[in-house]
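**Student:** Below are the structure tokens for one structure; questions will follow.
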There are 2 protein chains.
Amino acid sequence: MILCRTIAELKNELYSIKHSNDQATIGLVPTMGFLHEGHASLMRQSVAENIASVLSIFVNPMQFGPNEDFERYPRDEARDLAIAKENGIDIVFMPEVKEMYPSKPRTSVMISQLTERLCGASRPGHFDGVGLVVSKLFHLVQPDRAYFGMKDAQQLAVIQQMTDDLNIPVEIVPCPIVREPDGLALSSRNVYLSAEQRQQAVVLSQSLALAKQMVEEKGITPEELIARVKAKISEAGQAEIDYVEWLTYPSLELPAWNEPIADHSEKYILALAVKFGSTRLIDNALFVPNTRGE
Amino acid sequence: MILCRTIAELKNELYSIKHSNDQATIGLVPTMGFLHEGHASLMRQSVAENIASVLSIFVNPMQFGPNEDFERYPRDEARDLAIAKENGIDIVFMPEVKEMYPSKPRTSVMISQLTERLCGASRPGHFDGVGLVVSKLFHLVQPDRAYFGMKDAQQLAVIQQMTDDLNIPVEIVPCPIVREPDGLALSSRNVYLSAEQRQQAVVLSQSLALAKQMVEEKGITPEELIARVKAKISEAGQAEIDYVEWLTYPSLELPAWNEPIADHSEKYILALAVKFGSTRLIDNALFVPNTRGE
């Protein structure tokens, strides 16, 4: 496994790979590091599907708001490199901020509509920063495929839209959410939780399970569903709800609010963001209402 | 020469070129068609510097304002194809609007600061449309080099900035302005001019020549220079000045206004936009004040 800290090193390594095998396909797993089993599942899928796999580790300041956790975002370089190696990664690209942003960028990549709700509403500018850095990584690595976790479902929809709109020649591969045995979705931010908050945080996946059950009962409306999910989350004493939303996916539009969730083929997402103290967790589930929830 | 009207055809042709020669370099000349000798000079430079050259012809609706000339922008497909062939182009990519924009794009590529003045101020949204379509063309063609004329000096600065900020792996090649024997810069829009307007339009290049002469006289300030250039342009009875600006290039910032244009190494642009009836013409000259104007 090769570690590249500069763009020049990365380009050299990619050049070697492509020129030793002109059929070489490249997979990219873009991350902010502090890797967990969710990231590892993306790496393994990339390794299985491509000749060479690049893991990028970059805590991107442009996607953090002024009062967010950029400075304290957890980092553990040695552990990350060990996990990357274990999972078969060929190149780790781990640049400093000044390597990615030698000067303040004047170019913004903004994706409208899809970013108006959910985390886009709670974190203004967040997805502009995501669009910018993902677009940079796509141009630097020029991968055939890029792997993203469904936990960040809105991010995935935004990146797919950007890729389509700009004709970026990369296949976006969505990968399933990986969970702890008790159901908590893996997240680098889980380390922030106190023991009690960690216990209470299971309410996110429990409320999604409850929602699946309720959607199978015909007749429930989005309004009722959301009220019941909110009530369930509020059973956790420290939970402070940021949002609970039921939207079409991946278009992220509001469906009719007071009509029963009927039998139809459109895909929906139930997406949650809940704070425990200063730690904000997200989770979601996809539903095709005429089948069982996915 | 191959004509591709669809993205699929273009990708097939590019694939053939790259897989028959893995050292093949690709040059791209993006145009809106109605080709003239300015475009032909870009094509010849691309053909000289690359194994294969792609000419794109696409009148991009996204870069026209609601009251601009998108509908009446001149088109002549047969003549354009003949000129492309004469100049050694390998692939002409000439898509319909619905091929480039199958649905309304939700992604914007916006370049700040550089787009605040000059045509960015006169044509709000224009450079967002340029950034979007150029980024799409770069992803579709994946050229090694792309050729742009210095007549659209602001466009060139904007595209270079976008390419740097997004790490797009394309070398941007600026090419000199091509002029009629009397000095008028070539433009597809010159066909709109009446005989009398055509005669008067020579005042643009004449005023740039006058400016070069005046900058060589030490002591002139930007303010005086602009006043004299405006006076010169106003000698043409039908000329209506949109802007006359003296800015740093390519950063497009205002220099000190009342200080003499001193001996220094920074590059400046004198940029003009002048309307004759409903036809808007632009022209510019670059200056390194301690040498003769370029």
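Positions of Cβ are set from backbone N, Cα and C atoms, glycine also.
Note that this is a predicted model, so its numbers are computed, not measured.
Here TrEMBL flags A:His39 as active site, proton donor. Residues annotated as ATP binding site in TrEMBL: A:32-39, A:149-152, A:Val178, A:186-189. Per TrEMBL, the feature (R)-pantoate binding site maps to A:Gln63, A:Gln155. Feature annotation from TrEMBL assigns beta-alanine binding site to A:Gln63.
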**Student:** In angstrom units, rounded to an integer, how far apart are the Cα atoms of A:Gln63 ((R)-pantoate binding site) and A:Met32 (ATP binding site)?
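**Tutor:** Spelling it out, the Cα of A:Gln63 ((R)-pantoate binding site) and the Cα of A:Met32 (ATP binding site) are 11 Å apart.
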**Student:** Distance check, please: Cα of A:Gln155 ((R)-pantoate binding site) against Cα of A:Met32 (ATP binding site), rounded to an integer number of angstrom.
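**Tutor:** The Cα atom of A:Gln155 ((R)-pantoate binding site) is 14 Å away from the Cα atom of A:Met32 (ATP binding site).
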**Student:** Distance between A:Ser188 (ATP binding site) and A:His39 (active site, proton donor) at the Cα atoms, whole Å?
**Tutor:** 10
**Student:** I'm trying to understand the geometry here, so how far is the Cα atom of A:Met150 (ATP binding site) from the Cα atom of A:His39 (active site, proton donor), in Å to the nearest whole number?
**Tutor:** 11
**Student:** Within 10 angstroms of the C-beta of A:Val178 (ATP binding site), what count of other C-beta atoms is obtained when all protein chains are considered?
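**Tutor:** 18, counting other Cβ atoms within 10 Å of A:Val178 (ATP binding site).
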**Student:** In DSSP terms, helix, strand or coil for A:Met150 (ATP binding site)?
**Tutor:** helix
**Student:** Near A:Ser188 (ATP binding site), how many other Cβ atoms are within 10 Å of its Cβ?
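**Tutor:** The answer is 19 other Cβ atoms.
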